[in-house]
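Quick look at what TrEMBL lists:
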SIGNAL    1-22  signal peptide
DOMAIN    147-245  domain 'Cadherin'
REGION    156-178  region 'Disordered'
COMPBIAS  158-172  compositional bias 'Basic and acidic residues'
DOMAIN    246-363  domain 'Cadherin'
DOMAIN    364-477  domain 'Cadherin'
DOMAIN    478-585  domain 'Cadherin'
DOMAIN    584-697  domain 'Cadherin'
Amino acid sequence: MQPTTPLVLCVLLSQVLQLTSAEDLDCTPGFQQKLFHINQPAEFIEDQAILNLTFSDCKGNDKLHYEVSSPYFKVNNDGSLVALRNITAVGKTLFVHAQTPHAEDMAELVIVGGKDIRGSLQDIFKFERTSPVPRQKRSIVVSPILIPENQRQPFPRDVGKVVDSDRPEGSKFRLTGKGVDQEPKGIFRINENTGSVSVTRNLDRETIATYQLLVETIDVNGRTLEGPVPLEVIVIDQNDNRPIFQEGPYIGHVMEGSPTGTTVMRMTAFDADDPATDNALLRYNIRQQTPDRPSPNMFYIDPEKGDIVTVVSPALLDRETLENPKYELIIEAQDMAGLDVGLTGTATATIMIDDKNDHSPKFTKKEFQATVEEGAVGVIVNLTVEDKDDPTTGAWRAAYTIINGNPGQSFEIHTNPQTNEGMLSVVKPLDYEISAFHTLLIKVENEDPLVPDVSYGPSSTATVHITVLDVNEGPVFHPDPMMVTKQEHISVGSVLLTVNATDPDSLQHQTIRYSVYKDPAGWLNINPINGTVDTTAVLDRESPFVHNSVYTALFLAIDSGNPPATGTGTLLITLEDVNDNAPFIYPTVAEVCDDAKNLSVVILGASDKDLHPNTDPFKFEIHKPTVPDKVWKISKINNTHALVSLLQNLNKANYHLPIMVTDSGKPPMTNITDLRVQVCSCKNSKVDCNTAGAPHFSTTAVLLLSFFSLARL
């Protein structure tokens, strides 16, 4: 082994000394310089370095990330602070936050002569103090603590320090407030001896943006020595929220043919990050348009406002030539002012191209043909039209009008709501013998008015030729109904009248035969050739087939067509009354007590089936040849009633009294009816008619019944 030379020993010793020196070096993580002062320039120039910052985490600065409190500046990887664009005023203070997985720190840049456009540090981060901080000399020195949200492990980690230059020996620091001893508790704590403030877990600015704490010094007994002094903890925003479209669905409408630049709708998104930073500064763009014809860029969105406008010429915005009148746009909102590093959110905008009435309806042909049988009604032809407008609007729906050829209002036309066709109908039966042909002129219009530069042309009118087909119509009686007046009881075979029926088919020269259709009483006969009607039985006005002195019969007229057609005629026979019915009396039974003091027996009424003057006044008489005198008496009450009374009391028995009643007809008719009078025993309010051999009817009841009959007449 060779001895080591002095030169080799010197080199080795130098390396050992260098290694020992590096290991013993006291490395403090953070910015080497934390406070800078620069003069306010006339303008910060884009990409021109303002100053250089030096940060070290003592671990090699792996994954070093910088954030600046102003969205108009950034820190490059080499630590140079530059402006993102030319800008004149940014305020009095800028803060730069540096962070690696092992350390983080904050540097402050004071701009001398800068304008206070953002206010205090709290205003920069949109926080406010809960109470003013009085300017007075204190031994406790606190500075606002800035903590980025969403920090990773490890926790707890120191974030700031409170200094008390005059703190008595044995005193301690105490930290209170929301986030310490108030909910949410335990987020912050302070080293009671050193004043180091630490955070125990990651923070969320969107939940709580600032914490207002109080710091004081206390003695061993917990009494306050100095303070409390406000300590403000500000949570620095991170870009951790994507833009969100909250107001969907987004549906817009634009009229076809609208000028270029017409605003369709506005779409805006919301970003929960700090609105004072680029984290919430949104920019909009159209990611996709479906369909992409006739142009892939039919619309444009204002990147800042979110207004969607048309960018194609009015001619391309023609609903009738578009493949689809509905467009769907994928709208993207991106924060960080639209930079690539920004987060994005998307939503779909649906834009409908609305129709306007820029096409008039046109008939598919100039002339239409229709045939209809005479006497028929209903739809005879459907008129077809074409219209390029939207079928769901009044710009497409058609309205038809008959403008000529319908003086008798025999035709009407209505729109079929499903097909838009015009349904032409006959509403009053047509007569072939009057007119075998009809010609109508019909126009079509839209429910909505046309746009000013469009009008209805010749194609909006059409002619309809209608042919009426001849039909074998039934004969018609003249007059109908037929009326005749005859006395009842005319002799059998008497001619009542001769009916007359004609055939509407005058051009066919047909013959007509007659027959009886309905003859309820069987009284009539008709000659099939000449239509003479005569009687086959006695006509009786009092027949149950006669109503209000009128007898109704029906006759048929049958032509010689093939097949034959039939017409029906009505005959009304008014029957004049003759005195052919004798009157009759009522009631025909009466009772009277054998010891009655009132010798009135019964009030009789009379009725007659004939009509006046062959009825009342009636004449009431007792048919004397069979009745003894000085026993019965009959007295007239009025034209239709008379009173039967006794001239003396009779023994208990049944008596038959013939009553003769005569009407006023010429010649008069008389009827004799037996009135059966029962004389009964009436004692102790009991009436006994048994020995009289007749049903029990009291005289009083009979009289009451008779008076009731009088009252009804």
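From the backbone N, Cα and C atoms, a Cβ is placed for every residue, glycine too.
Since we're looking at a predicted model, the values are computed, not measured.
Counting residue by residue with DSSP, the domain 'Cadherin' (147-245) contains 0 helix, 47 strand, 52 coil. Cβ atoms under 8 Å from those of the compositional bias 'Basic and acidic residues' (158-172) belong to residues 139-143, 145, 147, 190, 192-199, 215, 217-220, 225-226, 231, 233 of the same chain, restricted to positions at least 6 beyond its ends. Mean pLDDT for the domain 'Cadherin' (147-245) in the predicted structure: 93. Helix, strand and coil residue tallies for the domain 'Cadherin' (584-697), in that order: 6 helix, 58 strand, 50 coil [DSSP]. Counted with DSSP, the domain 'Cadherin' (364-477) comes out as 3 helix, 53 strand, 58 coil.
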